[in-house]
Amino acid sequence: MQKNDDLLRERRKDEHVALGVKQNEQLAPSSLEDIQLIGTSIPRYNVKDIDLTTTIVGTNVPFPLYINAMTGGSRHTKKINAELAEIAREAAIPMAVGSQSAALKNSSLIDTYKIVREINPNGMILANISPEVALQEGLRAIEMLEANALQIHINPAQELVMQEGDRSFSHWLTRIEEYVKLSPVPVVVKEVGFGMTRETVKTLADIGVQTVDLAGKGGTNFAQIENDRRRDQAYDFLLDWGISTGQALIDMQHQDAPKIAYLASGGIRNPLDIVKALALGADSVGMAGQIIYSLKKEGVTKTIEKLELWKEQLRGLFVLANAKNISELKTTPLIISGELAKWGALREIDLVKLANRK
């Protein structure tokens, strides 16, 4: 029985990657397209003046992008994790591994995650677990990678679509609070592509969580992945569940939103998307599916070159926004239009204030 469970988990990991890459071949319209920065025609700064450094859970990093959790737990994904670790090392960006539950249940899979630290010995690495994982097991996940931080992913929609997924969730908040109090490294609570509302963020802030990853709809769709894995595909009605990254970011502009650090991920496609997310308060921006897609189609070297180009392009966008650093970018005026503006108005977000901030 244990062997069958292990094989099922390994197959699931491989299917996640294959289906995730397929999704990224043709991207749907993004809610971030409804966000427009108000720039300048007479910049105050030169490109060389721009400072892209940011802080993630107390660690200073030189560029506001990280490789978000996606994979690990099978022979095939070990190779992918090794290549992602090389990209993270050469581009000097943090990296999160995929859920480590497989390795916690089957020690023969530990190396599929540990390879990340072997290839990137000095980089910022985030371990990744579910709130189903008991504290002592979670500490093993941190040790496995000598991790700098711990991601706890919350994914009820994915679990419900997954035939072998969890069906009990009421203990999650207590478990997360336990990690916040006892983890030897900082904790980031992240969604997996269904987005966090400000109410969810407040619930987490109330138990001591200091950083969340809003992880909205628009990137890899795990409801679709799990539904595609089912023979009956019985959950096709749930494929559009959740809020987009743009909606999650706008929701955090409400006057009652908790004042904690947040990261943004889900449907980030280019440097302009990064700038928009940072301008709406994110400290850094995560990508998973698009980086794996680039890796699969173009290889490690081309993906690193793309990220280096993005750094230069990002500096140019900061110049156009009249912002020397991320702190200044967060005061840049923004116009919210289209469906995102309608959604924001219904959520009582002061869009006029956003459009006229200084």
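In case you wondered, yes, glycine gets a Cβ from its N, Cα and C as well.
Record check: Swiss-Prot places Ala69, Met70, Thr71, Ser99, Asn128, Thr220, Gly267, Ile268, Arg269, Ala288, Gly289 at the FMN site, and the matching candidate among Lys181, Lys190, Lys324 is Lys190.
DSSP classifies Asn128 (FMN binding site) as strand under the three-state reduction. Of all the binding-site residues listed here (Gln158, Thr220), the one with the fewest other CB atoms within 10 A of its own CB is Gln158. Fewest other C-beta atoms within 10 angstroms, among the binding-site residues Thr71, Asn128, are seen around Thr71. For the pair Glu159 (Mg(2+) binding site) and Thr220 (FMN binding site), the C-alpha distance works out to 15 angstrom. Taking the Cβ of Ala288 (FMN binding site) as centre and 10 Å as the limit, one finds 27 other Cβ atoms among all the protein chains shown. Gln158 (substrate binding site) has none of the binding-site residues Thr71, Asn128, Ile268, Ala288 nearby, counting only those with a Cα within 10 angstroms of its own Cα.
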